[in-house]
Every structure is written in C-alpha cells, then in structure tokens.
Amino acid sequence: MNYFLRFDTSLLPEEEAKVLICGSGIGGLATAISLKELGIEPLILTRGIGNTYYSQGGIAAAVLPDDSPYLHYCDTLRAGRYLNHELHTKLLTYEGIFRILDLERWGVDFDKKNGFYETTLEGGHSKPRVLKVKDYTGREIYTKLLKKTEELGIKILHGELQEIIIEENGVQGVIYSEEGSLKFIRTPLLILATGGAASMYYYTSNPKKVRGDAIGIAFRMGATVKNPEFVQFHPTVLKGTNLLISEAVRGEGAILVNDRGERFVNELLPRDEVARAIYNQIKRGREVYLDLRPVAQKGIKIEERFPTIYSFLRERGYDPYREPVPIIPAAHYYIGGIEVDDRGRTSIQGLYAVGECSCTGIHGANRLASNSLLEGVVFGHRTAYQVYLDLKILKPSKVNFRSERAGSDKPNLGIEELKKLMWNYVGLERDEEGLTYVKKRILSVLSQAKHWEPTPQNRQLYDILLVALCTVEGALMRKESRGVHYRKDYPTEREVYRRDTIITRDLFEL
C-alpha cells in the first residue's frame, strides 16, 4: 500500500512551497532559520509543541577550556557502544560549538557565571559540558527560535501531515489535515522534523502530539529505516505521569533508592544501565524512589536550580526537601529512524529528515545525555545548506494526484493495546518468543488494513504499526545485547553485530 487516504489534489485547497518543513522542534526551526539566512523562503507545517519544549537537562557541547570536541566524541562513542557513525559523530561534536553560537545569536540565553558558561555533569559525560537554562533549556530554545522565525517572517501553518506524495521523480508534495479538512501543499523538497516514536509504548515521557507516524509514512513510501530496535528509556519519570525528572538532578547529587532505602546503581551510568537497574528492582516487587535531599544538602536550592521540576512535584503533593519521590523508567527517545546522510538526505529524492525522526547514526546503540538538541541544530544547519544546493535542480510539478482507495472496516487493534504489547515484549528486556509474538500480531492486523476505512485516524494507526513492526524486526535481527537493546536470550555484545540494522519495505508483504 502506498497512499492510505482517498484524495484528489485537483479538488483540494492548494498551496505551493519551495521547501516544506514538517515539525517545529529544534531541528525544524534551526533548519528554517538557516534556510532563511541563505535567502530561501521555507514553509513550516506543525501540529504543535513537541519534545524540544519539554527538554529539561540541556544541550551538550565542549565549550569550556578543560574540555574538547574529541573528548565529547569519545564519550559519545562509549555511550553508543561503538555502533556510532564515526564521521557523523565528529561532525556533531566539532561543529556543535559553532551551532551553540548560532543559538545565542538567535536569542537563546544560556546560564553563565562570571562570563563563563555554567555547565553541569550528566551521565556518561567525562566533563561537565551540558549547557542549560535552569531546568527549562528546551523551552528556552523553542520559544527563542520560534520568536526568531516570526521576526524573519517565516510562514507557519498548523495542521497534521497525512500523506507524502511521492512519484517516480521524487517528492511532489504533501496532504495535510486542518480542522477536519484535507489540503494539499505542492513542493519538491520536504524536510521531516516530526520527532520520534517513543510514544508507541505504554509508559512514555513523550507528549501526546509526538506520535512517530511520519516515520511510518516515509517508510510506507519507500524510505529506509535504520537501527529501529534502539529505543531509549528515561530512568526517572514521575510515577503515574509522563513528567520526566532530568538527568541533571542526578548530576547535582540526587540518588536512587528502593523501598528499603538501599542504593542499587551508580546514578551517573549511561541511561540504559540505570533504566534496567530500576526495571529489575520493580520486577522484584520493589518500589524505586529518587531522593533529591542530597542536592539540598550541598547548599543548592532545588526551587532555583530546578524550578520546573520543583513546581510539578509540589503540584502533585511531593516535597523533595522532605521525602524521595516515586519514579519508573519510560520510553523517552527513538534512537533509530529514517536513514539519512550527513546532510539530511534520505533514500528518496527530495525527502530529508532531521532530529529524532531521522537516524544519522551519531547515537549508536545508546544516546548520550543532552546530545539530541545538539544533533537537531547541527544537522538542521547542514541539511539547510544541502537543500540550498538541491533547489537549483528540484522544481515543483504541475500534475495532480489521486488515490482511489476504499474500505469500510474498523481496525481490529487499538493504539492502547499496541502500546501494552510494545511495553511488555519490546521494552527494556526482550527475547525471541515475545518479539515473534508481537511481530505476528502486528502483521495479522496489517494484513487487514487494505479493508480499513480511509480516515486520518486509521491512517495514523497504520503508520504507527509500521514503525512498531520495524522496531520489532530490528530487535529480532539483532541477536545480541548492545546499549538500550537488551535480549535476555543473547545477554552480551557480539562483535559480528557491530553493524547497522537496515529495514526496507520489501522485507514485508504488506
């Protein structure tokens, strides 16, 4: 199946764009601003606030005199269990310093003390290199970049991507929905900056609007997906919510204890190790808590250093000065994604991807804390320069497009059931039996999808199922444990699997 919805572009309201960017996180906004500074007028399509806004910890860059991009590079490789794309990782850490200057030029005001960046230490880093704005770094970056796009006069449309129109000569445009109506944007250049797919898990830190279905749309249309088995689980999400408590809290001295008051893990280990340690405590029937009192004992005022965290803890009845708070691990970051090169190009002409929906390979098997915001701005900048060149040869077509798909059935699996399947069998611990069960279940559901009613809601479920299928297939193919991917039946790393997992549409009969 190529197009899921039924449409005729000749009957839809139409707009034309030289370059269309879907998504308004750091990747999308940085790309848009960079294009505008190159003299290109991009159009942004967004369905609202995404993960960038909620990022608390910060953005990693080797900006201090006793640090270096090479040390940052080495830390990133170590955390990624040496599956990282080495060239792309060097680009991240070396060019990252210059992109920090871009962010400041665009209005971001990082914390400083006596004229120097006030950085913090996070898990997996050998140096305190995480730049921050209190504990709302993402919100600061998002609001300042959004303000910059408005100052530059970049047009923003509000709507939801439904279909990518791709024909033999590449991208031709997109179908999107706005207030229940379908509309058409004609463009030869589409940049996806739509976020990851961690929300397909029952426990997740992702906001509801970040669904990952754009990865599924691109895959359905022929794009290659890379390393989808790697899903990072944040160790410390406040139990009963999707509110994460930043790594930076542990960097400042907070400790993890079980309900016996026992410490059971080094809090500054990489996220995958900390998350699994917590998960195993919970499996044994233990409750796990994050104790912030050691932070206060160092003389740090929690409400000043972590105002957002302090505020939502107090709103929910917790006093971090007096008691530890209950936490669980939750799906947080989709490390895999649409395969791209160092300039955001996918396997489809005219289709680019930046940020969490893409896979540059820089994170390897486990993302080093606070590298994701840096990836968005570094590769957003690089993608903008490639698009500037490609615009000379890629022009919009004048042809109209139709899809005659019909159907009236309802899906025989809902999104909540899928989330439970993914959490139970494709979560922090996996094995052949569980993965095979989920794969068969998803394929069975997808085999009936051609009869589903072609509604935007069913389209969304279909594309999320495709991403879930890629994730399961990747986990089955990788018969080892590496980084965030842990197989109980293959509990160690195997050198033969120090290679990328590539998933293409022709692997499945859909």
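From the backbone N, Cα and C atoms, a Cβ is placed for every residue, glycine too.
The FAD binding site annotation in Swiss-Prot covers 24-27, 51-58, Asp213, Glu356, 372-373, and the record cites similarity to another entry as its basis. Sequence annotations record features per position, and here Swiss-Prot assigns site 'Important in orienting the L-aspartate substrate' to Glu122. Marked as active site, proton donor/acceptor by Swiss-Prot: Arg271.
Location within the structure of each feature annotated in Swiss-Prot.
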| residue | record | Cβ contacts under 8 Å, 6 or more apart |
| --- | --- | --- |
| Ser24 | FAD binding site | Ile44, Thr46, Gly48, Ile49, Gly50, Leu146, Ile156, Ala193 |
| Ile26 | FAD binding site | Thr52, Gly138, Ile141, Tyr142, Leu145, Gly355, Leu373, Gly376, Val377, Gly380 |
| Asn51 | FAD binding site | Gly25, Gly138, Gly195, Gly196, Asn206, Pro207, Val210, Glu356 |
| Tyr53 | FAD binding site | Gly25, Gly138, Arg139, Tyr142 |
| Ser55 | FAD binding site | Thr137, Gly138, Arg139, Ile141, Ser372, Leu373 |
| Gly57 | FAD binding site | Thr120, Glu122, Val130, Lys132, Asp135, Thr137, Ser246, Glu247, Ala248, Ala369, Ser370 |
| Asp213 | FAD binding site | Ala197, Arg459, Gln460, Asp463, Ile464, Val467 |
| Arg271 | active site, proton donor/acceptor | Gly123, Gly124, Gln232, Phe233, His234, Pro235, Glu247, His332, Asn366, Arg367, Ala369, Val484 |
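The secondary structure of the residue listed as 'active site, proton donor/acceptor', as reduced to three states from DSSP, is helical.
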